[in-house]
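*Asks:* Here Swiss-Prot flags 1-19 as signal peptide. The topological domain 'Extracellular' feature in Swiss-Prot is assigned to 20-566, 624-635, 703-727; the stated evidence is sequence analysis. Marked as transmembrane segment by Swiss-Prot: 567-587, 603-623, 636-656, 682-702, 728-748, 761-781, 785-805. Residues annotated as topological domain 'Cytoplasmic' in Swiss-Prot: 588-602, 657-681, 749-760, 806-839.
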Amino acid sequence: MGTRATTICSLFFLLWVLAEPAENSDFYLPGDYLLGGLFSLHANMKGIVHLNFLQVPMCKEYEVKVIGYNLMQAMRFAVEEINNDSSLLPGVLLGYEIVDVCYISNNVQPVLYFLAHEDNLLPIQEDYSNYISRVVAVIGPDNSESVMTVANFLSLFLLPQITYSAISDELQDKVRFPALLRTTPSADHHVEAMVQLMLHFRWNWIIVLVSSDTYGRDNGQLLGERLARRDICIAFQETLPTLQPNQNMTSEERQRLVTIVDKLQQSTARVVVVFSPDLSLYDFFNEVLRQNFTGAVWIASESWAIDPVLHNLTELRHLGTFLGITIQSVPIPGFSEFREWSPQAGPPPLSRTSQSYTCNQECDNCLNATLSFNTILRLSGERVVYSVYSAVYAVAHALHSLLGCDNSTCTKRVVYPWQLLEEIWKVNFTLLDHQIFFDPQGDVALHLEIVQWQWDRSQNPFQSVASYYPLQRQLKHIQDISWHTINNTIPVSMCSKRCQSGQKKKPVGIHVCCFECIDCLPGTFLNHTEDEYECQACPNNEWSYQSETSCFKRQLVFLEWHEAPTIAVALLAALGFLSTLAILVIFWRHFQTPIVRSAGGPMCFLMLTLLLVAYMVVPVYVGPPKVSTCLCRQALFPLCFTICISCIAVRSFQIVCAFKMASRFPRAYSYWVRYQGPYVSMAFITVLKMVIVVIGMLATGLSPTTRTDPDDPKITIVSCNPNYRNSLLFNTSLDLLLSVVGFSFAYMGKELPTNYNEAKFITLSMTFYFTSSVSLCTFMSAYSGVLVTIVDLLVTVLNLLAISLGYFGPKCYMILFYPERNTPAYFNSMIQGYTMRRD
């Protein structure tokens, strides 16, 4: 036999064993089409699927489950309301057969009973397309584990099953459960609502408690995965112990509860999420009360979010704030009154004692127990009740379509389960202002609500404080919550406080929520969107202060005209330019005089012209550097200055040669004069300087560069030569050598005739240049920044002034104030006197 035949044989055997005469029950309403109902009217403390036992458990031996009876009444109310409606199923009587599954203890026997014929036989067939079961659809049961058990049977027959509160995401697998639908959002939405609640209140340090069954494990795992994506950490997760049926808690289980509550006390987390059936929580909360663990926020899963019996433990109000995730409340007119006057479940009528029936269809204490909670049930509103109510109406609308009903009649005919299933998938109707239809996963998109537990008898015990919409996956309409804290402040549940702006996180331990906050150093910033654990360096042209989230442009610093040092240097340069120009005019007017000729004659005009050009180069030091200004700084000015110094050095050498070396080396002196020695020397020096300048420009380039001021990193110094310090000695080496040579020859000519003795003036100029250059190098080794540029420019101008005024100034003074000394006769007399002294 195939797998299908083997499965059917197993079902037949189980049905033969379990279908014995059962206890009396009247959870039955005859009709043309019967609905099966599976509800937990009783519950044990730890459900066991009794596949290994030959005897069906007696549910009445367990405690009454008020919510289960309330949901059963919702099914009965919906069926009676439909039967009284002349338009939905006119002429058709809808009936029901309800069985108590006592949570997860009794699922197999009822489903076999629903699948069997009236004679309690389930025949083995190759094709069940034309098979007629006892019921056309099943409503329930209430939890995911039971739903899977039932669905595995019903799916073989494609008998429609609509669950009203099972949320497991596994139930969306339509390959495994093709006949299963539900009128409640999936666990994915329940967990998402919890996570968005935590995000809204910035709780990222959470405790998770789960039950030891499939419900707790699966939802705890789903929550953990979802929290990890949102950087919410689980401080610890524990499994709550539960009791065996009709057994007291063992010492090991009690010690386990004590240990869990001890961990709650020691943890810094103050938000506790509990995924567990209500049955597992009574002993747990009693232990919490005993240890007086207070100040926490308890987030309840839908299994106990609106449980009236657990809410009846009024001492829970002292433990903290209780929030729950549950389905929306939809008022059902007339239901509260129906629940209150429903007759007590009694023995079955005599007309049915000869027919087939099943066990677990009685609940002697259900009505009394429910009435004792009637106030809280009435104030809390119809939540899961509406899910049952809409499930029954979904079947009724499918029958309406399948039977071809109009406003007055329906065509009664045989309804096969697979036919009804197809129509249920198609239903789309409005029920109490809510649209009911099934999405591709078989779910109805009713929105969820966040409820807060209240113990004020005048208020709703489960007050809605927010709504979650599955289609938008958004938490909205968040209202004020009454926190059990001082001044009603929002509780804080964070492993580490949020870092301030511009602080990076340094992980502490294994949890991403536990960290130290460290300020980002200057020059770095924190980009929260990319990396919260590392500060990023600012770009080269930007800077930041400590603890910044962005960088700002560095201030570009260069010499500007409005600055006082620049103005002072510019005035000196203007003074030098004007004085040099005046000297040039004076020398031009007295070109043929002995003083001008002794100073060098045409060579003086070359020097003065180059000095004027050098003064005109001074303005290029001011303002942002460009390629053209850098060319002037690095090429034009050094050439001008070097030629001036070379003229002085050559002139000093020429005078010494004329008076001291001509007689000793007449031949050499004649070559010097004949082949224009001074000009050849100056040309050689000029070419050598040009080579030095070109090498320097090739090494450093002409493009302006930027560098950070080491004393003030927010400042960027714009300069022409990035390696100015290193190249300064190389660029000035020739000038320093010429100054030493000029000084030496001037010193050698200190005994020459007064009119030719320029030792004092050349010594002044050359000594000043040498000293200033050495001082500039020393200054640059100690300081940096734009101050170096200012000092460099100042030294340059002073060196030019030293030549203009120190070398040419005394000669102008003699020309203007002692004209009698500017005659050939005077010069000849001075030469004769020098000659006589030597003799």
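Cβ coordinates are placed from backbone N, Cα and C, and glycine is handled just like the others.
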*Asks:* Are the transmembrane segment (636-656) and the transmembrane segment (785-805) close enough that 3 or more Cβ pairs fall under 8 Å, when only pairs 6 or more apart in sequence count?
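*Replies:* Yes, these stretches are in contact.
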*Asks:* Give residue numbers and ranges for long-range contacts of the transmembrane segment (603-623): same chain, 6 or more residues beyond its ends, CB-CB under 8 A.
*Replies:* 558-561, 566, 569-570, 573, 576-577, 580-581, 583-584, 587-588, 596, 629, 632-633, 636-637, 640-641, 643-644, 647-648, 650-651, 678, 682, 789, 793, 796-797, 800, 803-804, 808
*Asks:* Give me the DSSP three-state residue breakdown of the topological domain 'Cytoplasmic' (588-602), ordered helix, strand, coil.
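*Replies:* Final tally across the stretch: 8 helix, 0 strand, 7 coil.
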*Asks:* I need to check the long-range neighbours of the topological domain 'Cytoplasmic' (588-602): which residues 6 or more away from its ends have a CB within less than 8 Å of a CB in the stretch?
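*Replies:* Cβ under 8 Å, 6 or more out: 647, 651, 755-756, 758, 808, 811, 814-815, 821-824, 826-827.
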*Asks:* Give residue numbers and ranges for long-range contacts of the topological domain 'Extracellular' (624-635): same chain, 6 or more residues beyond its ends, CB-CB under 8 A.
*Replies:* 556, 558, 617, 693, 696-697, 700, 702-704, 718-721
*Asks:* Kindly state the mean pLDDT of the topological domain 'Cytoplasmic' (657-681) in the predicted structure.
*Replies:* 69
